[in-house]
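Novice: Before I ask anything, here is the structure I am working with.
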Amino acid sequence: MTDSTLHLLKAFFLGIVEGLTEFIPVSSTGHLIVIGDWINFASSSGKVFEVVIQFGSILAVMWIFRARLWQLIRGTLTGVRQEVNFTRNLLLAFLPAAVIGAIFIKSIKQVFYHPGVVAVTLVVGGFIMLWVERRAPHTPGDAPGAADDTASDERATAHTLEQISAKQALGVGVAQCVAMIPGVSRSGATIIGGMIAGIQRKTATEFSFFLAMPTMLGAAVYDLYRNIGLLSQHDMSAIAVGFVAAFLSALVVVRAVLRFVANHTYRVFAWYRIALGLVVAAWIYAK
């Protein structure tokens with residue numbers, strides 16, 4: 001196998017990893033940092049590679065929600081109250097991360113983008129998820145690990161996207177800021193933050209997916225603008241392969257997650273985070 005072929009296979013694998021982990025609460029950035037280090041993926045345009053494969057994931061979620069997204073845009077422009085309120089909530093949730101990111105993201109990447117940080121945040125985040133899920137009592141008769149689609153969390157005050165308040169949306173936005181630290185997980189922070197704020201699990205997941213569109217798109221465009229000079233002709237094939245892999249795998253994951261959360265809690269992801277964090281810590285110690 002030639003070095004060029006091996007490089008493309010690594011790019012394809014990382015694209016799959018991005019698509020599989022972007023929309024579940026396990027931290028796609030953390031996985032890319034750790035796995036990229038494990039497989040020794042070297043690219044002169046590494047930052048651009050990560051940004052472009054994230055575009056693949058973004059396009060996947062936009063494609064899946066295209067009908068609802070068009071309804072939201074049309075309703076907002078024509079003054080439909082529910083859609084205007086939903087757009088307001090997305091903006092409120094988007095702004096904290098946009099402001100904090102614009103000011104501190106460079107420092108955050110310099111200080112926190114390291115496998116050791118990922119190991120710690122994976123474990124801590126896993127225990128926080130277990131704690132939040134424990135606070136969400138299930139209806140009698142639920143199977144172990146199952147969650148009722150609309151009434152499993154007795155503390156929830158928002159069971160649909162339209163019922164989310166401005167205060168709850170802002171709380172989700174503040175939680176999203178924490179996800180700038182690798183290993184925390186953007187989807188994990190926004191979903192768990194939403195549940196703490198009183199949003200029902202499945203609704204919090206859907207809101208997280210919609211919030212991902214402006215957040216990830218904005219971050220990707222900003223990073224691409226800042227790092228476009230790093231793009232080399234040699235890496236174009238790897239970037240294209242990673243983009244397609246991320247798009248296709250994200251298509252599968254988003255649909256699967258929506259089905260999963262209708263009948264299950266996030267405990268399995270919490271235990272996965274804890275186990276992976278311990279494995280990463282052991283690997284770092286053994287190096």
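Glycine too: its Cβ is placed from the backbone N, Cα and C atoms.
Copied straight from Swiss-Prot:
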- 6-26: transmembrane segment (TRANSMEM)
- 45-65: transmembrane segment (TRANSMEM)
- 89-109: transmembrane segment (TRANSMEM)
- 111-131: transmembrane segment (TRANSMEM)
- 204-224: transmembrane segment (TRANSMEM)
- 238-258: transmembrane segment (TRANSMEM)
- 266-286: transmembrane segment (TRANSMEM)
Novice: Hey, which of 6-26, 45-65, 89-109, 238-258, 266-286 has the most Cβ-Cβ pairs under 8 Å against the transmembrane segment (204-224)?
Specialist: 45-65
Novice: Return the stretch with the most CB pairs under 8 A relative to the transmembrane segment (45-65), choosing among 111-131, 238-258, 266-286.
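Specialist: Result: 238-258.
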